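Enquirer: The structure follows.
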Amino acid sequence: MSEDRCQDERGTSCGNQMEAAAGITSAPQFPKASSYSSFSSAYSAGSHSLCSLQFNPLKFKHSRTLAIRASVSTADDSVVTLLDYGAGNVRSLRNAIRFLGFNIKDVQTPEDILNAKRLIFPGVGAFAPAMDVLNKTGNGEALCSYIEQDRPFLGICLGLQLLFESSEENGPVKGLGLIPGIVGRFDSSNGIRSDDNTEWVSSTCNYGDNFIASIRRGNVHAVQFHPEKSGDVGLSVLRRFLNPKSEMTKKPAQGKASKLAKRVIACLDVRTNDKGDLVVTKGDQYDVREHTKENEVRNLGKPVDLAGQYYKDGADEVSFLNITGFRDFPLGDLPMLQVLRHASENVFVPLTVGGGIRDFTDANGRYYSSLEVAAEYFRSGADKISIGSDAVYAAEEYLKTKVKSGKSSLEQISRVYGNQAVVVSIDPRRVYLKDPKDVEFKSTRVKNPGPNGEQYAWYQCTVNGGREGRQIGAYELAKAVEELGAGEILLNCIDCDGQGKGFDIDLVKLISDAVSIPVIASSGAGAVEHFSEVFSKTNASAALAAGIFHRKEVPIQSVKEHLLHEGIEVRM
């Protein structure tokens, strides 16, 4: 796969991370360079911490004696062995494999690896915990033996990184050592270019510097993106591995990508209506009820159906926002879990879910930690989770004490599942100022003056669906949550929500210039020109819309065609 080809496929970033979301297509979607990540998009994974595979001249030699002996395999051609070590959203890969007509055998013992006819290792999560699991179970030694015998293997995301000698992530941490080189941050000064792993490298990409996007030697393949989250092209990558004689059903778009592709995200606000049905709705400055005598919840369709349609229409990601608390439900019965499970069966781009990601106690008195809630969402098909109010409280405490407690939902989930798996949703409201010195928070000069001619504004963050203002600015919140482990920021604006007059460019520029993680612009899109405006005037990595897509006022394809016409690279 050439560099040009690599940048012609759809993707999400994967990262130092336990539930990575990633993919490839038309210029892999990279977040800004911050921490680690295997390939990137992600589209943060956008969201995401990115890493580079750098080259170290040090050779790592094994002296391994494998006591396990493989029996003669009688596996049928429709079976693929999956090494799932228990972290992250592997449901999407399972769905993709089954979608392509293959069956799955899960690794239970090291012997299952040695007996595999073809093996996929979807590594998701952080480097150190993954190596710890592989070593404790004996699967690491079996995996090395399998690969050294040049048997059919596909590593995904962390499943590629672990093949190298070591990682800088929370380390150095020793890897499997099958390929010379270390996994380092994009901004790392470590790692020396050499020819030690040239024979392995099958494609590279550029993120300020070239890095390894995929490797191949003989029957051993590994990629730093998530093919199961990369649309049709990603599915073709899986199909070719599972059945090397198969033909590509869809030729990937060709082009000379020179910039990182921007993402177009479809957002679905999901809640129960007055009849108890789960529907997609859309607010007007966060008011989701019709202005009629009945005052019913605005119903724009069924969440699973719309998610499937947006995937077919070319959305780079689909985001579900659960705006009903469902606090009385046992965790296993949450309606959003069913939405994710069904959507992930046919939607092969990253899925984000937000709303209710916090500690809670259900009607039966059962306590759930935010980590348990997130884990259930990940197992049900989510690639990223979005945290709102809880992140505001965590940031306030951090700014007050200057101490990272490690106990907030943001810190816990990012530590276990990786930064790229955590999106922080910010809901600010514009507050006009005559003089920026009037407040302690970061303000900015605004393009459109306030009602009394004010030239400046600060953006006050809110919680509880915009109903309660807090004494913290969007700028201060964004900087704090990045330090606490957020991998991406979803930047809303209450003033622009549902107005269709464009994104708040002043706000998006303020925040996207302040942080190194990807920023998703949200609220206010009403025309294709609003997307090109936000991408040309700010450093936003993605733009999100809801109502204009739900009401079919502006098709996703029209947005992308317009962006291409304006010279802004997107995945088609």
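Just so you know, glycine gets a Cβ as well, placed from its N, Cα and C.
It should be emphasised that the depicted structure is a prediction, and the values quoted were computed from it without experimental measurement.
Pulled the feature table from TrEMBL, pasting it below:
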type	residues	note
DOMAIN	82-167	domain 'Glutamine amidotransferase'
ACT_SITE	Cys157	active site, for GATase activity
BINDING	Cys157	L-glutamine binding site
ACT_SITE	His226	active site, for GATase activity
ACT_SITE	Glu228	active site, for GATase activity
ACT_SITE	Asp269	active site
BINDING	Gly356, Asn492	substrate binding site
ACT_SITE	Asp427	active site
Enquirer: Could you tally the C-beta atoms, other than its own, that fall within 10 angstroms of the C-beta of Asp269 (active site)?
Expert: 25
Enquirer: Taking Cα atoms as reference points, which of the active-site residues Cys157, Asp269, Asp427 is nearest to His226 (active site, for GATase activity)?
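Expert: Nearest candidate: Cys157.
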Enquirer: Of the active-site residues Cys157, Asp269, Asp427, which sits closest to Gly356 (substrate binding site) by Cα distance?
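Expert: So, of the listed active-site residues, the one sitting closest to Gly356 (substrate binding site) is Asp269.
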Enquirer: Calculate the distance in Å between the alpha carbons (Cα) of Cys157 (active site, for GATase activity) and Glu228 (active site, for GATase activity), and round it to a whole number.
Expert: 11
Enquirer: For the domain 'Glutamine amidotransferase' (82-167), what's the model's average pLDDT?
Expert: 92
Enquirer: When the Cα of Glu228 (active site, for GATase activity) is compared with the Cα of each of the recorded positions Asp269, Asp427, Asn492, which one is closest?
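Expert: Given the candidates Asp269, Asp427, Asn492, the nearest one is Asp269.
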Enquirer: By a 10 A CB contact count over all chains shown, which of the active-site residues listed here is most packed: Glu228, Asp427?
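Expert: That would be Glu228, with the highest Cβ count within 10 Å.
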Enquirer: Using Cβ atoms only, which residues of the same chain lie under 8 Å from Asn492 (substrate binding site) while being at least 6 residues apart in sequence?
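Expert: The list for Asn492 (substrate binding site) reads Ser425, Ile426, Asp427, Pro428, Ser522, Ser523, given in order along the sequence.
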